[in-house]
């Protein structure tokens, strides 16, 4: 009983020892599967036993408590205000009686059909999703995520069951147009690029963004490719590009789960709303009006010292509330980019990727994953093969595609064009239907059932290639 | 160099890509060919070797003695000796897992800066910091050529910049520049730092500029120029961009997202089809 007097909101007697947790944020952090970022923040469980006791304690917390016991104060954080103000009480009703542990059982049960999961979506807050994920095994995260179907559309339809799309990422260290075009061609001929053709510019300014937006737009127009373009520059640059008349398909922005994290990115909800309106006004989508592309990643809040002593996975999941507000086409958790101080090795990267995909899908987001690592992390291609396969099983909407896994601008390794074909082959997944039809029409794919590529360069690309490389 | 695009590209199990010669236009790993839809053995092993080298580059220490000797060649006003500083991260292992320690100066380094200020130095406009970051190799290869461009330009400026001695920081992260700048009461800090090594670029240097540096600032207050290396942004180009940012930062008394890098605004206008070989010209 002494623990109560020491200010512990939660206590749990296990055998001879009583464990105490001072508040809900601390309980969530202690319950999180081990990772370096939470150790760095000083919020992780002290040992394996405390972690499991925290998970057992968390399992008894009612879901409704997350609506009143706020992890970051309502008054001081616009992400908290967004989560609370937009909570859908009616959608929450069918699960409002559940505890976190009961929620896990319900999600795994046959009661939670894809249709039911779609209906409760807006009743689930990020904190509820994060809490339940902490007591789920990897297979639970995959099983439930696969039941959460989220589609989005702009010039094609992404996220249909049995489909896996790729962002074609043709980055070049000096934004050289010929170099970028060469990587785009390579990607298209390897049947990649249905989620987006998206460039991270090496030089981040408005004129460069305009130049690249025009460049990719020209290719999409000329070859009539059912996909969309994006230059991943700051939202204020994209707004200026729109004002300058650039043909912007998608607005990109990195986002985080606390107001202070977003401050560190130089953005807020009002700016995102303004950019979304500007892109919608261009009316460039043919099948849908999802115009936003967000990137997130565990560790960004701690990195900006903006985590309010929350664990990094809870911060990450709160970023999905920001994303959800703006009906995105793509939400990409860049899981291994941030480095070993946040996710130390292949095991931690794998767990984080599955958590993010699950939480995003549960909240209704079109989740993709940048399955990646840096050269200072304890990870290699085999770890990426494993996570890629698991995400394919879980129904992930999209992954990255870069030539030979080597992003020569951002200096990290992500999935390659070849990797996408591997996972499509081994799991029987297809590209977005409109893009798949285009691959067959122009002769890139000879046979989409067995994923057989044309050994020759298709006719539509031959003149450009011969012009550049010389006639034979 | 043209490749025959009509004859059979399949030689046994491996299918070659006719667009492989495009490799002369980019370092990206394009046209790798395929065994089924997978990487051919030779390409797989090239990748494994590059990854091994990049991992090794992360752990190579900065040779401060040799760097200091090289920097003595610089056209530096009154040739002050660089100040040798160290972060709070004692070694590489700690550095990799404790970024907070890499962002702050060790006490003895702070004292060294206080001693410098106590000598009655003139107020400082700009402090240039060289930090190993994740690639000491990047600093060893690119810092000198870049400074050989930037320093004369700063001295020839209409209102010349009062510079602090160069500061060389071991086991440093980007934000340590703010700690150095604050300690020297400098108006501005420019950090030259080794970026995380890529497979094709274990030697890439980045620049980070902060106006009114102080501890606790976030990325939103910094401007970045990246990929400075022999096969990336040249020292001349990097210096031109840095000079533009420095001039604008001083004029507007700010840095970060409010200060956009517009040094290319006038000469990068895109004409449709321009240089884009995938779009037929004419």
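Placed from the backbone N, Cα and C atoms, the Cβ positions cover glycine too.
As the structure is a computational prediction, the values presented were derived from the model and not from experiment.
Positions annotated as adenosylcob(III)alamin binding site by TrEMBL: B:174, B:195, B:224. In the three-state DSSP assignment, the secondary structure recorded for residue B:195 (adenosylcob(III)alamin binding site) is coil.
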Quiz prompt | Residue among the binding-site residues B:174, B:224 whose Cβ has the most other Cβ atoms within 10 Å | solution = B:174
Practice problem: Indicate whether residue B:224 (adenosylcob(III)alamin binding site) is helix, strand or coil by DSSP. | Solution: strand
Self-check item: Beyond the site residues B:174, B:195, B:224: chain residues whose C-beta lies within 8 Å of the centroid, for adenosylcob(III)alamin
Solution: B:133, B:191, B:193, B:206, B:207, B:208, B:226
Quiz item: Rounded to a whole angstrom, what is the largest C-alpha distance between any two of the residues B:174, B:195, B:224 that the record assigns to adenosylcob(III)alamin?
Solution: 12
